[in-house]
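Asker: Just dropping this structure here.
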């Protein structure tokens, strides 16, 4: 039989050798050409090379500049922390195992890598949900006189960690499990088997409902209402130049948010669901590897979209990188003033700021 196997699991996968070996003990070069593992390692190195500096810079700049320490930015910092979890807990491990061609760190290492990668991804996902809810409540005002304060931010942080732990921790204690996936160099939830005693079916269904479908629905609802509010406000002000500019900025921001969310998570979720509903069917190892690494790339998309497109943060970041002096200060100041003029639909009120 073709595939890969380990303690208490067998995953059928297409290969021409007919060899079946444990991904914890032997190189999996019979599944994919060794060059593919080298390419995977190089890709993970690139994610580390980009993901660590941009997320670390986010933390450093926010701590250094007092005006960035706002309640909403607590959530943005949480997003950066989540991405760093993915970089250190997942990317470094995957790069190391890719260099060996199998999950050389064993079952314990698989549990650790799977847990931290899942935890980081879920913290990031639920942080985006909290941001979407905050933007909807503040801009669309379903609750009159609501002001997002420090207590709300702390509750939002606690919520993201609780939801992330509710997804990442159960496989460590027997409700499902972490096993090597794709090219067997990274670990994820067991979508592949119905092994007795692990209740994989119930966990996967729970995860897809509570940790994918619901967040996706919330994000689409909140940003859909956000766009409507911006259009209504622009129309009420007879579409002045500043409000039109704000509307364009917000529209571009929201479109990028939605596209990034779908690019990162929809392919992985779709392939995982297909594997879950077609257990026993053969599939190529690359079939799961490609979408899994699309999801990992969210550690780069998140800070670029949610932070680097924020003019106030960009101003502070440039000031920090240029040793306290911003060579573009005049341009940034004029842009900020323009945004302030369109206060009712300002992108500083719609985009995370």
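Using N, Cα and C of the backbone, Cβ positions are placed for all residues, glycine too.
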Asker: Per the topological domains given in Swiss-Prot, are residue 19 and residue 64 together on one face of the membrane?
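Answerer: They are annotated on opposite sides of the bilayer.
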Asker: Scan 37-61, 312-336 against Swiss-Prot and say which stretch is down as transmembrane segment.
Answerer: 37-61
Asker: Do you know the DSSP helix, strand and coil residue counts for the topological domain 'Extracellular' (174-202)?
Answerer: 3 helix, 8 strand, 18 coil
Asker: DSSP three-state call for residue 110 (disulfide bond): helix, strand or coil?
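Answerer: The three-state answer is helix.
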Asker: What residues, ordered by sequence, lie under 8 A Cβ-to-Cβ from residue 110 (disulfide bond) and sit at least six positions away in the same chain?
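Answerer: Within the chain, residue 110 (disulfide bond) has Cβ neighbours under 8 Å at 24, 103, 178, 179, 180, 187.
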Asker: Let me check one thing: do the transmembrane segment (153-173) and the transmembrane segment (111-133) come into contact, meaning three or more Cβ pairs under 8 Å with sequence separation of at least 6?
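Answerer: Contact between the transmembrane segment (111-133) and the transmembrane segment (153-173): present, because at least 3 Cβ pairs are under 8 Å.
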